[in-house]
Amino acid sequence: MQDRLISGTEKPEDHFDRAIRPTSLADYIGQPVVREQMEIFIGAARGRGEALDHTLIFGPPGLGKTTLANIIAREMGGNLKSTSGPVLERAGDLAAMLTNLEEGDVLFIDEIHRLSPVIEEILYPAMEDYQLDIMIGEGPAARSIKLDLPPFTLVAATTRAGLLTSPLRDRFGIVQRLEFYSVEDLTHIVSRSANLMDVPITVEGAEEVARRSRGTPRIANRLLRRVRDYAQVKGTGEVNHEMAQRALDMLNVDKAGLDTLDRRYLSMLLERFDGGPAGVEALAAAMAEDSGTLEDVIEPYLIQQGYVMRTARGRIATNQSYLQFGMTPPEPKN
């Protein structure tokens, strides 16, 4: 898949965002339902002097799952120990992390849907009973010993909650889904980031960046950096509406936040498959892309914005897709 400026997946350049991430729920912009619930859950756990229930955070990439995990650790007054599903290859890898936890710490596992079954089996007693089962020795002489673990909170993140096994999913007391952000919330995020980056920006400039950011803070901050560069070279350095518009047009990010790959997907669905229904495998083959890329990277935003419907028979283009390409929507079928 081509490198996408508006991809929600983290890139090396996005590591800069860590310096401008909010560090408390009070500074956390957007996701009002999640924020209110976590304020209550964290406040109650702190009041009882207990570890927060294990928490699963899921949603499309770039919406702030890692940021929320960091905030949870800070609000609970514990240390954050981070890892990811693909990194935990051996039982010893997870055992080492668990035995190094202190009371109240938060263990963050990103991409938890990629854990192996062996690692999951170790997690079950650790999550339920704060115990770690370890095998000592090999063969007939092998024996199992139990180690007590301090009360801790497992915070897990995934873009594909449906791939979690039921036994693992059922062990999370708190499950939060992050939704795409509104233009209003993203405008506040862009303004806040610009202020921290010492970039002069108008409300209209911030709103234009927000409108084309696909409801995703990571993309908004990435576009802001590129617009800043454009304004510095082509203007006075201030990001106003005109500067943002010209910069984003140059970057092939249109007013709807769609890029070349989005338009190619919609064009393929409309023209090659007559608007659908089309199976994801057929679409992926026609685009020479992986079906997982379509499902995880391209389709979530297009579906959320009403360009595509996902049905049992396949993907169907909506009237909005036809209008986006200046085409006349088909007459409804009787």
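Just so you know, glycine gets a Cβ as well, placed from its N, Cα and C.
Among ARG212, ARG214, ARG218, only ARG218 appears in Swiss-Prot as part of the ATP site alongside ILE20, ARG21, GLY62, LYS65, THR66, THR67, GLU128, ASP129, TYR130, ARG171, TYR181. Here the binding residues for ATP are ILE20, ARG21, GLY62, LYS65, THR66, THR67, GLU128, ASP129, TYR130, ARG171, TYR181, ARG218. Their largest Cα to Cα distance works out to 37 Å. Between the CA atoms of ILE20 (ATP binding site) and ARG310 (DNA binding site) there is a gap of 36 Å, rounded to the nearest whole number. Less than 8 angstroms from the CB of THR66 (ATP binding site) sit SER82, PHE108, ASP110, ALA157, each of them six or more residues away in the same chain. For the region 'Small ATPAse domain (RuvB-S)' (182-252), the mean pLDDT of the prediction comes to 94. Cα spacing between GLU128 (ATP binding site) and ARG315 (DNA binding site): 41 Å, rounded to the nearest whole number.
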